[in-house]
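Asks: Below is one structure. I have some questions about it.
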Amino acid sequence: MPPLEVKPLAGYVRSQSLRIPSSLNLSGERTISTTEPTEGNDSSSEESGDNEQISTQRLISQNKRLQSAKFEALLSERADTLTGNSGRPTLDLPDAELSTASLVAKQDAGTGMLDPREYQVELFERAKSQNTIAVLDTGSGKTLIAVLLLKHIIQNELIDRANGKPPRISFFLVDSVTLAFQQAAVLRNNLDQNVAQFFGAMGTDLWSKQTWDHQFENNMVIVCTAEILNQCLLNSYIRMDQINLLIFDEAHHTKKDHPYARIIRESYLKADPTKRPRIFGMTASPIDTKGDIIESATKLEVLLDSKIATTSKPNLLREVVRRPIEESWEYDKLDPPFATKLYQILQARFGDISSLQPVFRFTLQASSELGPCCADRAWAYALADDVLPKLEGNVRKLAQSISSPIPQCALKEISRIQEASDIVKNHSFNSPNVPGELSPKVQLLRQKLIKYFEHPTKTKCIVFTQKRYTAKMLFDLFSTLEIPYLRPGVLIGVRSGDIVGMNVSFRQQFLALVKFRSGEINCLFATSVAEEGLDIPDCNLVVRFDLYNTLIQYVQSRGRARHSSSTYASMIERYNADHAARLVEVREAEKLMQSFCETLPEDRILHGIDSEIDSILQGEEEKRTFIIRATGAKLTYHSALAILARYASSLQYEKETSAQATYVVLPQNNSFVCEVILPEKSPVRGLTGVPASKKSAAKQSAAFDTCVLLRKHKLLDDHFNSVYHRRLPAMRNARLAITSSRTNQYDMLSKPSLWGKQQGTLPEKLFATVISFIPSEPLRRRHRSIILLTRERLPDFPSFTIFLDDDIETIVVTESVEEALHISSQELEYLSTFTFRIFHDVFHKTYAEEPEKLPYWVAPAETKKSKNVSDSKSLTDWELLHLVHENEEIPSTLHPSSEALINRFVFDPWDGRYRYFTMAIDNTLHPSDPPPSFLPRRKFMESIMSYTLSGSKNARAGFLSRCNWQQPVLEVELVRLRRNLLDKMTDTEKDVETRCFVCIEPLRISAIPEEIAASCLAFPAIINRLDAYLIALEGCKTLDLSVKPEYALEAFTKDSDNTEEHRVQQIHVQRGMGKNYERLEFLGDCFLKMATSISLFVQNPDDDEFDFHVNRMCLICNKNLFNTALKKELYQYTRSRGFSRHTWYPDGLTLLHGRDHRKKISAESKHALREKTVADVCEALIGASLLSGGLHNQFDMAVKAVTAVVDSPNHKALCWADYTSSYMLPKYQTQSPDGYELDLGRKVEEKLGYRFKYPRLLHSAFTHPSYPSTWAKVPCYQRLEFLGDSLLDMVCVDDLFYRYPDKDPQWLTEHKMAMVSNKFLGALAVKLGLHTHLRHFSNPLQSQITHYAEEIQAAENESQGAVDYWLVTKDPPKCLPDMVEAYLGAAFVDSDFQFRVVEDFFQRHVKSYFHDMTIYDTFANKHPTTFLQNRLTNEYGCTNYCLKAGEIPVVDGGTVSVLAAVIVHEVVIAEGTASSGRYAKVKASEKALSVLENMGPSEFREKYHCDCRTANGSQPMDIGTAI
């Protein structure tokens, strides 16, 4: 598992400090003695380090700490900057990269407070003292009056708060999202208090009371669409007495059931009059309907509890707002609507398709208003490629509302729509220049616009239409007419659910406005969205292509012409009485309205207002309400619909096909009854309401009763919020990392528990394990087999390597005999004597002969018997055992013949350092001769006799006086003190001079033969390795795992302080430990990812991909694995120390002579492990279990291991078959496939060779998330892609692991990256032809896929057979690699979880690209982070650098920011900020590479004071992992 650390910083910052090598324990420094050990002591041959190495490691740790401190300081500084400027977006980016809010802010940046004019001050003063509706022309500065009023209210509010009064806030209400952005930007530029802006698309309907309370506490002004405040009031998130000012923008909308009117009726008028907020309304005209002007205006005053006011000095206003010159453009009478040739073809064949009816109606009407050319071209929009999925989905939805599955007639209709699209694509459209193709109305517009735009001009024009289609078609037409200086654009409203190609986003609206301001567009074809409130810059030509219907439309659209010399043109049909009457009507109405407003006396009292209010409320009282007393939250007929929608959406996480409330309204006895149907998982499924006279009333009544029922069942809380939550997984932000560099002290087993079993008793039977030696070349002397006898049978151990003589590689083979050896007490005595004699003669240890305390016995093997004999007794050399039992040593007097002294093992009884093998008699030397000069110096160098003799000074004199000075001098081989034969000799050990000359009399001749003694000298290394195997197997047994010994030990072996840091100078390397866990951990990590992915997939059918990722993260994170390992005490089985000459001796014996190592054993029973190491061992055990196989399936034991180490109910499988048995087939999978799905299955089988039993699975695998599930009727591919991703990882890792047994995990990871990269998988998707089957709902995506497919196919054609052609192309759209992974997931599930299906796919379609992996050696190095690391390390020779990342958390719903920094010698050379650690690090690396681009090594070292070239070794770049 990659390391991950998240730390708190300054109370609100989480930093990430990654892959930091562990710091040394500076308080426990080791001192290495270089002097000769004192007489009589065993010396240590361990060379674990020196002072220079410790100093180097201390420096590395210090550098890491300094870098971490530097980064945390930087992160804190940047966090303050980011949070302090959170309300001020970065505006220096191109418009295309800015958010909508930033676009608005950029346009208003620098627009400071304007000087109020006299009429504005006049209205402001009136608004301070009473509720006021300001009626002023568009462009006269109504918003500025609102700003002045807000400043006044806020000032008083701050005073009230200081005096202890409850806080109140101001609301600026708007009628559209567009205005919310615009007005919020204006207020932020003019107020010094926090201003928030909200609209429905932000998901405010799902916010909790706590979220709202936070917003109310932190903002003085809130700009929002009116329905948001209405819902807050009804849900009692805020009360009317907590509001000090209500500003209604475009106040003329306050009528009927508009949210403005409902706020007044349902909340404002119900509040205590003394606690109501001030009201300020703004409008260009107080009415927007036809009828009695005075009556409508008076009613508006009543509804808003306000007085209409305008300036008493209209001349001042006219100086500011100049009226445009009004013109009437007359066009000839239009022809009646008629059917064009294309219309006739489509009507005849497809006129019965309901989804196309709106298009038929428009095109028929357009033939008259716009002309046949525009009418026909409308079909190109309606049946474009990006619209077809919408139409198809609409057909499916309608069909399935009647029956399920989709009937064949619906499928046929879908096919017919596609056929219609093909007809339109192949249709030859006439040129608009052909006579008769354009209507007289359009021809006139063309002529007029040519006059304005045929020469260079500063004219800016807006052409208003009533219909979105008309604006779009005019834009399309004038884009092709080639009027020299006309730059057309289109601005239409946002409408959800538009299925005929007219939909736009808020962002597209703003971009159009931005381009209009800048002049990039100078003629805007717009609908009413451009009439009202939008701050469109001055333009000098406004054309009403379609006439206004009301006074407000006339006033608003005329107000767009603000230039000093503007023209306002109304296009009217010649001889059309209705058009002429409308012109007169609006002008007279405007005069009457102005007269009414201007003649209002200042102190006028609105007579009859109480009765008017009563009549308003009476209509509401006829409708029921339901109030929750605890909070005051109110349920009304209108709010019930929103509450039910919110409740239904809260069940979305249950993966409903359609998480929405369904209303079915049916006629009944001259009235209507509505049935409410809630999503399937709702405990209350709905009800049927009471009859009502209108459909809308029936629907509201049923919704109201349903909400009451939900409340009764406690499914709605005290604020009418659902008790369910469409929640993000609870652990999405959990701190699941552990500190990779933190070390703790843990107990460590030094001996297996096997040795303690039955210890203290004399055995009657023993089990034999024969130990043999197979050298790679002849040794200097024979090494005879020995037998290890134990109370219990030992497992079969793998062979392993030791290094004998001068590093001759020798294989140690152990063979465990099945049958037990029954022994007598005499035989046990022989065995005990021999074992104790080995410790005495060979290792200078004298133990009390207590055979019951021995954990094992060592015996010589019989050389004459076959190794295959199963009888342990016949394998043992009992004659030699008897000889050794009877003779403690061989007296030299028994061998008067000098030849008898040759090929003996002799030892110094006083000094354990001196053991020899005798080789020859040297007749040229005598005992009295001085030792040859090449011999190592000893204390006494007077003679060879004196050189050989050890012992005290007094004993020496006596011995020398009586010894035989005529005895021969023997040439011998000094046995090295080296005990760790598991590793090759160190240089120090090689430098030891082993040739020596001694006299035999001061020494003892061992009764143990030379060939047995030679084998016994290897016994410490052998028993150390066997101990390690046994301890590792015990560790596996604690998890109930049956693992092969070699893999078990490898999984538990950590041979350095930083084993997990590959290709890095290893710290405190432990020699001779064999393979460490890193490769197994890499393999286990991959299997863990796959196993948990499968388990989550089968156990949680309702979870989405995000749930899967978060839940898998919780399972596989180092923190979880560490906690499991801690609980099961796996740390004690971990082998973190190499061979120790102190701990190999058996426990429990009584030492009589020799160095006592018990203190050393106690000290070495603890070891320091990083927390990450403990977690890594868990993954390595999974890898070991995988290699060990299973009883029925190769993965069985690994599955069991995953369950053991994750310790979670989310993974309970004990074998592979448990996955299949746990999987409940979802309904969509088992439903009968339709014709499309059967055809898809056949085509994909032809391409890939696998036949799906459930074609709907394949359908799901190829369904993009953009494709509406209600249309597709199968889930999108995200769940299957999640599963397939892990399967692909596993099959690729498995292939590399076995093909390259000697490659380290970093190499394997880097080359796996190529195999699973999006770049390769995208190319593979195109190669296999899968891209043509993707079902999506995105026009840009279609274009991206087409362009990529063309590029990758061209690259393959030009590659001349090279398999890496995909490397040179651009990255594919992500949907293509996702398709491949989803296909694998689908095939895997379809095959009942047969991994063979994944392997077959890999062998057939993937393996051929990766036979030669050297091609991809540089693949990973192209990554900016890897490239930076290589440059710093290899080119500059620098090792003191790091790349760190830290996350700055924000409030719920906010955008996460992550800062990454490259630090070189405590200097931050580059930074990058992004939404994730991964991309932040890429940005920081790219910037760092840019900084270093032309910098040579000398300049680098001078600039950053780098002296790393003088240091030993290199350290890794601290790159960590993505947050």
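Cβ coordinates come from backbone N, Cα and C, glycine included.
What Swiss-Prot records for this protein is below:
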BINDING   Leu136, Asp137, Thr138, Gly139, Ser140, Gly141, Lys142, Thr143  ATP binding site
BINDING   Glu1281, Asp1378, Glu1381  Mg(2+) binding site
COMPBIAS  24-38  compositional bias 'Polar residues'
DOMAIN    123-304  domain 'Helicase ATP-binding'
DOMAIN    444-617  domain 'Helicase C-terminal'
DOMAIN    640-730  domain 'Dicer dsRNA-binding fold'
DOMAIN    879-1007  domain 'PAZ'
DOMAIN    1031-1190  domain 'RNase III 1'
DOMAIN    1241-1392  domain 'RNase III 2'
DOMAIN    1426-1494  domain 'DRBM'
MOTIF     249-252  motif 'DEAH box'
SITE      Lys1374  site 'Important for activity'
Asks: Starting from the Cβ centroid of Glu1281, Asp1378, Glu1381, which together make up the recorded Mg(2+) site, report each further residue of the same chain whose Cβ lies within 8 Å of that point, ordered by sequence.
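Replies: Near the Mg(2+) site, the remaining chain residues are Tyr1277, Gln1278, Leu1280, Phe1282, Gly1284, Asp1285, Pro1377, Met1379, Val1380, Ala1382, Gly1385.
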Asks: Before we move on, state whether the domain 'Dicer dsRNA-binding fold' (640-730) and the domain 'RNase III 1' (1031-1190) share at least 3 Cβ pairs under 8 Å, counting only pairs 6 or more apart in sequence.
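Replies: Per Cβ check, the domain 'Dicer dsRNA-binding fold' (640-730) touches the domain 'RNase III 1' (1031-1190).
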Asks: Quick one: find which recorded stretch in 123-304, 879-1007, 1031-1190, 1426-1494 has the most Cβ pairs under 8 Å with the domain 'RNase III 2' (1241-1392).
Replies: 1031-1190
Asks: Between the Cα atoms of Ser140 (ATP binding site) and Lys1374 (site 'Important for activity'), find the distance and write it as a whole number of Å.
Replies: 51
Asks: Please give me the CB contact count at 10 A for Lys142 (ATP binding site), counting all chains in the structure.
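Replies: I count 24 other Cβ atoms within 10 Å of it.
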Asks: In Å, rounded, how far does the Cα of Thr143 (ATP binding site) sit from the Cα of Asp1378 (Mg(2+) binding site)?
Replies: 50
Asks: I need the nearest neighbour of Gly141 (ATP binding site) among the recorded positions Glu1281, Lys1374, Asp1378, Glu1381, using C-alpha distances.
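Replies: Among Glu1281, Lys1374, Asp1378, Glu1381, Lys1374.
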Asks: Using Glu1281 (Mg(2+) binding site) as the reference point, find which of the recorded positions Asp137, Lys142, Lys1374 has the shortest Cα-to-Cα distance to it.
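Replies: Spatially nearest to Glu1281 (Mg(2+) binding site) by Cα position is Lys1374.
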Asks: If you run the three-state DSSP split on Asp1378 (Mg(2+) binding site), which class comes out?
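Replies: Going by the DSSP assignment, Asp1378 (Mg(2+) binding site) falls within a helical segment, counted as helix.
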Asks: Around Asp1378 (Mg(2+) binding site), which residues of its chain at least 6 apart sit with Cβ under 8 Å of its Cβ?
Replies: Tyr1277, Gln1278, Glu1281
Asks: Can you count the other CB atoms that lie within 10 A of the CB of Glu1281 (Mg(2+) binding site)?
Replies: 23
Asks: Rank 123-304, 879-1007, 1426-1494 by Cβ pairs under 8 Å to the domain 'RNase III 1' (1031-1190) and hand me the top one.
Replies: 879-1007
Asks: Given the binding-site residues Thr138, Ser140, Thr143, and counting only Cβ atoms in the protein chains shown, which has the most within 10 Å of its Cβ?
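Replies: Answer returned by the neighbour count: Ser140.
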Asks: Have a look around Asp137 (ATP binding site) and count the other CB atoms within 10 A of its CB, chains all included.
Replies: 24
Asks: Cα distance, Glu1381 (Mg(2+) binding site) to Lys142 (ATP binding site), nearest Å?
Replies: 58
Asks: Within 10 angstroms of the C-beta of Gly141 (ATP binding site), what count of other C-beta atoms is obtained when all protein chains are considered?
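Replies: By my count, 20.
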Asks: Work out how many Å separate Thr138 (ATP binding site) and Glu1381 (Mg(2+) binding site) at their Cα atoms, rounded off.
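Replies: So the alpha carbons of Thr138 (ATP binding site) and Glu1381 (Mg(2+) binding site) sit roughly 57 Å from each other.
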